[in-house]
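Taken from TrEMBL as is:
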- 20-39: transmembrane segment (TRANSMEM)
- 46-69: transmembrane segment (TRANSMEM)
- 75-95: transmembrane segment (TRANSMEM)
- 116-135: transmembrane segment (TRANSMEM)
- 150-171: transmembrane segment (TRANSMEM)
- 192-217: transmembrane segment (TRANSMEM)
- 229-252: transmembrane segment (TRANSMEM)
- 310-328: transmembrane segment (TRANSMEM)
- 334-351: transmembrane segment (TRANSMEM)
Amino acid sequence: MLQDPMDFEWSYWIEWGKERILWLLAGHLLVSLVSRLLVEKYKPWCLMVYGMAACWMLLGIKGFAVILLHAAISFAVAQFQLSLLTWLCSLILLSTLRIPAVEEAKRKWYDTENEYYLLVFTVSVRCLFCTSFSLEYCWHGPAQKSSHSFPWMLAYVFYYPMFHNGPLMNFDEFSKQMRRQEAFNLKTNLRILIVGIIRIFFWWCLAELMIHLMYIHALYSSAPPLEAASYWALGGLALAQVLFFYVKYLVLYGVPALLLQMDGLKPPALPCCVSLMHSFTKMWRSFDVGLHRFLVRYIYVPMGGSQSSLLGTLFSTALTFAFVSYWHGGQSYLWYWGALNWLGVIVENGIKRILSISRIQDLI
């Protein structure tokens, strides 16, 4: 049976997974288990070296050099301990992904477009990791600098399970958990691994069934079927698409989350089912938990957040969604998407504030 080929993200990562990434993740798991059994103290450095080797193998020496250069520049700028300068550096590094001349030069490094896109996706996610480390470096005092050294930055940036597509974990969470040495129980870990593999295989089968039977994305790519459909059918298609998006990320985030558990780390919670959500705010908090924590800690709260005036809250929320739109690519449709999400969150929170007024509650 033919499958719907129109969901680029699913097809892309499944192809890479079958080709090389799953094997490299299995290698990471083996290195992690051996280091936890024999040299627990040096586990972060064993995993760092493995992540660097995996990066070199997949992206080549030039791709590896780009990521290492981004990390070195971010670390150098962080020495000034100025958050604004760190953010400026991060945005400039991110913007290099969108310079046509640089894009063309990087394309020539690889034989296929898929290899080039793997570099683009990896570098864009690494930008968030470099930003997290650099801002934590700016905010911590001299006594804590040893835990924010360049080797720790490399251990964080080249940690392989989250390397290509996330999920995102802020540096302080990663560092504290990676330093914590716990008793290793092979039997318990093996049980977690087997149960996790079964769950992920079930989600993958469900996603493949949706791709082979529902043709949601193919329908969306053609105007005539949409024009002929009733409003109820369009609503059903919209629901089917977001449900597929949910199942897809259970797989894409479920695999690295399982490996994080095997490494003794607590991964960000997997996405909540979209059918259980009825608010913009909950959607942003519980779908991509790692990204939400990043946005709140490094953009929303430093800009004032909910503790500032009404205008301050509007501005900090707008800045958060502007960054999300720019990081995802900055195309015009992404700015519209970001603006609509910002509007949804603002309206929702505004209504909550109005309903919290005692007179309104009495009236209700």
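Placed from the backbone N, Cα and C atoms, the Cβ positions cover glycine too.
No contact links the transmembrane segment (46-69) to the transmembrane segment (75-95), because fewer than 3 Cβ pairs that are 6 or more residues apart lie under 8 A. Listed as Cβ neighbours of the transmembrane segment (150-171) (distance under 8 Å, sequence separation of 6 or more from its ends, same chain) are residues 13, 16, 21, 24-25, 28, 44-45, 47-48, 50-52, 54-55, 67, 71-72, 74-75, 118, 121-122, 125-126, 128-130, 132-133, 136, 178, 252-253, 255-257, 259-260, 263, 265, 267-268, 288-291, 293-294, 297. Tertiary neighbourhood of the transmembrane segment (310-328): same-chain residues 91, 94, 124, 127-128, 291, 295, 299-300, 303-304, 334-335, 337-339, 341-342, 345-346, 349, selected by CB-CB distance under 8 Å and a gap of 6+ residues from either end. Under 8 Å from some Cβ of the transmembrane segment (116-135) lie the Cβ atoms of residues 12, 16, 55, 58-59, 63, 66-67, 70-71, 74-75, 77-78, 83, 86-87, 89-90, 93-94, 97, 106-107, 109-110, 148, 152-153, 156-157, 162-166, 168, 170-171, 294, 298, 327, all in the same chain and six or more residues away from its ends. Listed by sequence, the residues of this chain that lie at least six past the ends of the transmembrane segment (20-39) yet keep a Cβ under 8 A from its Cβ atoms are 13, 46-47, 50-51, 54, 57-58, 160-161, 164, 184, 186, 189, 193, 255-256, 259, 262-264.
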